[in-house]
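Annotated features in Swiss-Prot:
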type	residues	note
MOD_RES	ALA2	N-acetylalanine
REPEAT	32-125	repeat 'WD 1'
REPEAT	126-175	repeat 'WD 2'
REPEAT	176-223	repeat 'WD 3'
REPEAT	225-270	repeat 'WD 4'
REPEAT	271-314	repeat 'WD 5'
REPEAT	315-371	repeat 'WD 6'
REPEAT	372-404	repeat 'WD 7'
Amino acid sequence: MADKEAAFDDAVEERVINEEYKIWKKNTPFLYDLVMTHALEWPSLTAQWLPDVTRPEGKDFSVHRLVLGTHTSDEQNHLVIASVQLPNDDAQFDASHYDSEKGEFGGFGSVSGKIEIEIKINHEGEVNRARYMPQNPCIIATKTPTSDVLVFDYTKHPSKPDPSGECTPDLRLRGHQKEGYGLSWNPNLRSCLLSASDDHTICLWDISTVPKEGKIVDAKTIFTGHTAVVEDVSWHLLHESLFGSVADDQKLMIWDTRSNNTSKPSHAVDAHTAEVNCLSFNPYSEFILATGSADKTVALWDLRNLKLKLHSFESHKDEIFQVQWSPHNETILASSGTDRRLNVWDLSKIGEEQSPEDAEDGPPELLFIHGGHTAKISDFSWNPNEPWVICSVSEDNIMQVWQMAENIYNDEDPEGAADTEVQG
């Protein structure tokens, strides 16, 4: 009986999702300046823009690149580098190019040929997460379904993978007992990598001292303060010895690598009422960070007084797995997760007065809801070169590259585009 009810619930949910998607598609020309939807061969659990951009002469687009991965059904997995053509500001937009079937928009008409897979490198099992080293973006670290963290220099691998399927990373980083997701390169110290694991620990490697023989590097330090699965880890963006971690023990911990005590963090705070899945330090303000949780909220913190939560962002209907500050705007951050939505928040709007109608849509700081995905969002990334452009990937193979309409984030609109809180 329960099976029948579950099947009925699933069917109802699927119908609701499809209806919502149809509405979203119809509204994209009003809500976005750009939407590109691309079906990947396999879903990617990870997405990160590379920092480089090329602007071909005489063309009305620029070429950006992404680090992706695969999550296959028992077939060969790959670490993937893809290229994406984004239209320039002066590209000739033509409303007739709106593809209502796909909900694609932005003067480009069809996306075919605009997103291409450039490099595929054999990988052991799915790519849980992949992140490039800021000081040398050719170096990419990956989290695997095993306890190993792999490091690839993609310039040393052919762009087409060896048909044997053999995975030949340039380094294997050892120290964990189980798999995990969290991965963070130190932006201020070259070659220093942190990783979070289901084994309750955080490992730190320095890959500048590469072994003479073999490819195995053992962890330099193992941090053991958490009492449950460590979900995410992140270096502070300005202080080379500080990092934060979050875990299923509901705690946010701040660590200092200069301390000799690897089992006790500098600060530990009960951050949420459920598992804490992600964290992000603000790139502009050295004291501010955000955490995202299974309690459906994003929390805002000040390192100077962690006893007091600055703010709680509430609108998500399910677990939050990603939170990322905008690289271009100090007050903007985005979050995503199981509810298939990516929310963009603006701190500067916290506490603004709202009409009752607006309040029904969400709090004033909720700037935008991206509703283009019909499955759980696995990861997203802010484009470092094009403000307000985001790439998001979901469990149903879909990758979307999108930019909300300018009148939503630009308050200078004389026609009073004050009703900026829109739902995709």
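Cβ atoms here come from the backbone N, Cα and C positions, even for glycine.
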Practice task
Calculate the per-residue pLDDT averaged over the repeat 'WD 2' (126-175) and state the result as an integer.
Solution key: 97
Exercise for the section: Helix, strand, coil: count each for the residues of the repeat 'WD 3' (176-223), based on DSSP. Expected result: 0 helix, 19 strand, 29 coil
Completion exercise
What DSSP reports for the repeat 'WD 2' (126-175) is 3 helix, 22 strand, 25 coil
